[in-house]
Amino acid sequence: MHPALDAFLADRDRPTPYLVLDPAVVARRHADVVAAFPGAEVLYAVKACPHPAVLRTLVAAGAGFDAASPAEVDLCLAAGADPARIGLGNPVRGAAATAAAHRAGVRRFVTDSVEDLDELAAHAPGAAVLVRLLVDDSGSATPFFGKFGATPQVATDLLRACASRGLVAAGVTFHAGSQQTRPTTYAAGVAAALAVARDAGLQHPVLDVGGGLPVAYRADVPSFTEFAAAIGGVDGIDAAQLVLEPGRALVAEAGVLRTSVLRVSRRPGVDHRRWVYLDAGRYQGLAETENEAIGYPLRVPGRDGPCGPVVLAGPTCDGDDVLYRRTPYALPLSLRAGDHVDLLHAGAYTASYASVGFNGFGPLPVHIAPAHPS
Ligand SMILES: *Cc1c(COP(=O)(O)O)cnc(C)c1O
């Protein structure tokens, strides 16, 4: 199906675990999004996979970028991105980061509070502002539980308050949660966002529908075209400039995460299922198995025959480092330690979560307090 990935994976001697990416798949997925949403601007959400080869591929394809931090802005610039095509989509930055992004040439910022609007006025003068609206994100595998977003009234007030602060009220954005499988959720978000733009007096608002386009992991999902039809059917959409911020949908299918089986344990008295311990788990890139939110398709090269139920676990001594306990997975009864298990569609939110700088926020510094003379 993906010849470049399959050819790479044919070498069975390479040490595991690792992620292999095919940028050509990223380019193809980007082209599919562009074809489904003609005229829309696509900003790739960098955190899904910030690898320079992915960013360069998307620069060449004409994409822009949704960044959350100065470090992500720098990655985009290093890949050749035009700062005019970078949006700072994180409504919580801090003054120093806001100023750094502005110095780097970023002129579009997302906000969701008056506190942040004041920060933008002080550190990103003249910037174009999108207000993030709190929307229903049911249907998402990883909902936000209200972490970001303003109510319609507050969002309208924020847009109206831009001009007096030297900022440009550009439009409205929302994020309906990642792996969002319901086109109707987008349609509802779009309708709510257009109403806010109208109340704020914007004639031709930017309408940024965020990320969330889903990937067919182990079950089918609606096509890009179905999402486009739902969004395009909302009254008033024609006056808006549509922006999308896909992350997962562009990179997931471009990656395979190859692991090795460390142990297959039968656990009489504990579980009737075999426990399969892999050499990658929650802390080696499989963060999205938390709550079993994302269920990757699995492949066991070189093994076939009858399958039986398994629990899949990671290698660390942390009790949370169990990938799938409730989600039914079955693997060949012939599975042995040393076999490879490939996690498919694993290009999104794996390498980035396994880094010590997810979303461009660095690792926790550790200081040793000198002995205190007492
Ligand atoms: C993470 C994020 C995205 C990308 O979400 P996907 O579900 O990966 O498409 C887009 N926009 C914002 C603001 C985000 O935080």
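Here the Cβ of each residue, glycine as well, is placed from N, Cα and C on the backbone.
As recorded in TrEMBL:
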- 26-252: domain 'Orn/DAP/Arg decarboxylase 2 N-terminal' (DOMAIN)
- Lys47: N6-(pyridoxal phosphate)lysine (MOD_RES)
- Cys317: active site, proton donor (ACT_SITE)
Where Cys317 (active site, proton donor) sits in the secondary structure, as DSSP reduces it to three classes: coil
Number of other Cβ atoms within 10 Å of the Cβ of the residue listed as 'active site, proton donor' across all protein chains: 6
Cβ neighbour count (within 10 Å, all chains shown) around Lys47 (N6-(pyridoxal phosphate)lysine): 23
Lys47 (N6-(pyridoxal phosphate)lysine) versus the residue listed as 'active site, proton donor' - Cα distance in angstrom: 27
